[in-house]
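In TrEMBL this protein carries:
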REGION    169-215  region 'Disordered'
COMPBIAS  190-200  compositional bias 'Basic and acidic residues'
COMPBIAS  230-239  compositional bias 'Basic and acidic residues'
REGION    230-294  region 'Disordered'
COMPBIAS  246-257  compositional bias 'Basic and acidic residues'
COMPBIAS  258-294  compositional bias 'Basic residues'
Amino acid sequence: MAACSVEELLAKAEQEEAEKLKTISVQKELDLDFDVGNLLACDKNRIESKDFKEQNKEDFLRSLARDNTQLLINEIWKVPTERVEEAIVAKLPEPTTRLPREKPPPKPKPPTKWEQFAKLKGIQKKKKTNLVWDETRVAKNEFNRLKNVARSQKIKTPGVGLLPRAKQSKDELSKAVSVAKTSTASVGRFQDRLPKEKPPKNAGKRRKFEPLIGDFSSEKHKQLELLKVMDSKRPKLDITKAVNKQMREEDREEAASRKKGGKGGAARRPKGKGAKGKGGKAGGGKRRGKPGKR
């Protein structure tokens, strides 16, 4: 009796376990319509009202949903799969069922004034063509570059075109070599020299600039001298200029006083030889020299 009861309990447990772990194969009278892209399955099979009434509604609906979901999962595993970070992922195809929008479609924008004008006049948009390599322009730019190099080297160039020469002198060849070397972006700084090549003549002097790093004592001294001149209240006095200015003022005052004395003494001057005196002309005394030549 006890053994029989144990067997019944084991059979019941196996049945419950089988109900929990149902098979993945589901049989339907009509095949479902699948849209794997939207994860959608449409079941067109008829539901028997008798079965729906006799069974528990919740259990019936749960069982129906489980079977249809199982069929949808089976379809998903038929599409290609790949592994992403230790997980197998299915590549879903494009959806075939058009689902309704969440929001209404946007309204078309009204045309602008320019679009209305272009439509009225029949103006159409034209795409700009891509830039084309112009050999003539390149040759013209190269010719202008050579003319600039020749002008910087003070070489006479013909008005139109370049005149080739069969023979060139040694100086002309050396000058052509130096021009070709200095026509680079680095102005010939990194160009190699021949073993016995002499430095080019009339290369010009390069301007020397103060270093940007290192000792700034000379620059500091120049700046301090400039500040002293700007901050000084009294300007620097040029002694020679000041003396010459003072002498000119004295000569101007003396000439003005002599002119006044000559006009007033003409009526009171007595007749005779003693009017002029030993000094000669009225207002005797030696005349000073020109300012600045004492």
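Backbone N, Cα and C atoms are what each Cβ position is placed from, and that goes for glycine too.
Secondary structure counts, DSSP: the compositional bias 'Basic and acidic residues' (246-257) has 12 helix, 0 strand, 0 coil. Residue counts of the region 'Disordered' (169-215) by helix, strand and coil are 13 helix, 0 strand, 34 coil (DSSP-based).
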